[in-house]
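Chemist: Have a look at the structure that comes next, please.
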Amino acid sequence: MKPPILIIIMATIMTGTMIVMLSSHWLLIWIGFEMNMLAIIPILMKKYNPRAMEASTKYFLTQATASMLLMMGVTINLLYSGQWVISKISNPIASIMMTTALTMKLGLSPFHFWVPEVTQGITLMSGMILLTWQKIAPMSILYQISPSINTNLLMLMALTSVLVGGWGGLNQTQLRKIMAYSSIAHMGWMAAIITYNPTMMVLNLTLYILMTLSTFMLFMLNSSTTTLSLSHMWNKFPLITSMILILMLSLGGLPPLSGFIPKWMIIQELTKNNMIIIPTLMAITALLNLYFYLRLTYSTALTMFPSTNNMKMKWQFEYTKKATLLPPLIITSTMLLPLTPMLSVLD
């Protein structure tokens with residue numbers, strides 16, 4: 001793709017997201033979503049092959065269905081309230097339809113089926129945009145309508161998303177699919193807290209984006225797409241491979257890494273709201289995520305593949321691309337746990 005075209009497309013994606021975030025009028029929000037969706041399809045099809053075309057088609061159909069459902073919910077709400085303002089949701093059916101549409105855009109269970117398939121069919125760069133930037137717009141709308149959301153519906157979706165995110169990643173060897181299932185689980189944690197403490201959801205989303213960006217950028221540095229290729233990278237890029245494994249443990253929520261902060265704070269907040277069973281179930285199902293990350297770490301770092309002496313020396317001669325943003329991203333993605341007491345202002 002030519003640089004001027006790429007710049008225009010990326011600018012359109014960013015503009016669409018900003019329109020959604022800054023609007024209080026449902027029609028403008030819908031226009032922002034459509035701009036975002038139509039602009040990202042060329043990014044998904046950057047590597048022109050049947051897999052990318054299939055992934056783009058699946059993404060388009062899912063997002064178009066979600067947009068249609070959102071507009072139906074907005075129309076029903078307009079009939080009852082007579083207003084396009086986002087804060088005036090007076091009809092419970094409209095609220096359920098809007099929530100369903102936004103969760104479909106995010107890839108929450110039971111509308112999660114498109115996320116692993118689309119992520120697997122596209123490049124690492126496109127996958128990074130899909131699993132980070134594309135989550136911001138729907139989450140910002142959920143944040144704004146959180147007082148009107150049906151809590152029981154969203155909590156059920158959150159619990160099943162955490163379960164599906166852990167269960168689906170267990171037998172995966174493709175790194176992009178592992179990241180996709182991890183994304184589903186993280187979205188579940190965010191959905192669980194949004195009706196009780198929306199500000200904590202913003203913290204969770206920020207940390208998730210930081211960790212996912214860092215992980216994808218490291219995958220791109222050493223061109224790893226499977227667990228086997230990651231294992232072979234140990235001799236060529238030992239430092240980068242070590243960073244990937246630490247980031248994956250952070251994504252799994254293992255203390256003392258940054259990924260433990262949102263899980264800790266969400267469980268604490270739900271417990272304060274007299275909910276015991278749901279946070280307990282979520283904590284237990286989160287162990288599935290941690291298990292497949294630990295298994296990946298063990299198979300990559302603690303068991304060495306048979307290699308010659310020449311292979312062991314490769315790291316001294318390999319040229320590593322410069323990545324200026326990576327060091328601060330990795331530090332924030334792994335070492336923020338000591339700052340947790342400062343986050344008490346979110347309560």
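Cβ atoms are placed via backbone N, Cα and C, with glycine included.
Taken from Swiss-Prot, the feature transmembrane segment covers 3-23, 25-45, 66-86, 111-131, 149-169, 178-198, 201-221, 237-257, 274-294, 325-345.
Tell me about the setting of these features in this model.
Modeler: Within the chain carrying the transmembrane segment (25-45), a Cβ under 8 angstroms from the stretch's Cβ atoms is held by residues 1, 5, 9-10, 12-13, 15-19, 52-53, 55-56, 59-60, 63-64, 67, 70-71, 74, 77-78, 84-86, 105, 118, 122, 126, 129-130, 134, 137, 141, all 6 or more beyond its ends.
Residues 13, 40, 43-44, 46-47, 51-52, 54-56, 58-59, 62, 66, 100, 103-104, 161, 164-165, 168, 174, 176-177, 179-181, 183-184, 212-213, 216-217, 219-220, 225 of the same chain lie 6+ residues outside the transmembrane segment (111-131) yet bring a C-beta within less than 8 angstroms of a C-beta in it.
Sequence-distant contacts of the transmembrane segment (178-198) (same chain, six or more residues past either end, CB-CB distance under 8 Å): 103, 106-109, 112, 115-116, 118-120, 127, 131, 135, 139, 142-143, 146-147, 149, 151, 154-155, 157-162, 164-166, 168-169, 172, 204-205, 208, 212, 215-216, 251-252, 262-263, 266, 269-270, 273, 278-279, 282, 286, 289, 292, 296, 346-347.
For the transmembrane segment (201-221), the residues of the chain that approach it from at least six positions outside its boundaries are 124-125, 127-128, 131-132, 135-136, 139, 142-143, 175, 179, 182-183, 186, 189-190, 193-194, 237, 240, 243-244, 247-248, 250-251, 258-259, 261-262, 265-266, 320-321, 323, 325-326, 329-330, 332-333, 336, 343, 346, judged by C-beta separation under 8 angstroms.
Nonlocal intrachain contacts for the transmembrane segment (237-257), taken as residues 6+ away from its ends with a CB within less than 8 angstroms of a stretch CB, comprise 182, 186, 211-212, 214-215, 218-219, 221-222, 224, 230, 263-264, 286, 289-290, 293-294, 296-297, 300-301, 315, 318, 320, 330, 333-335, 337.
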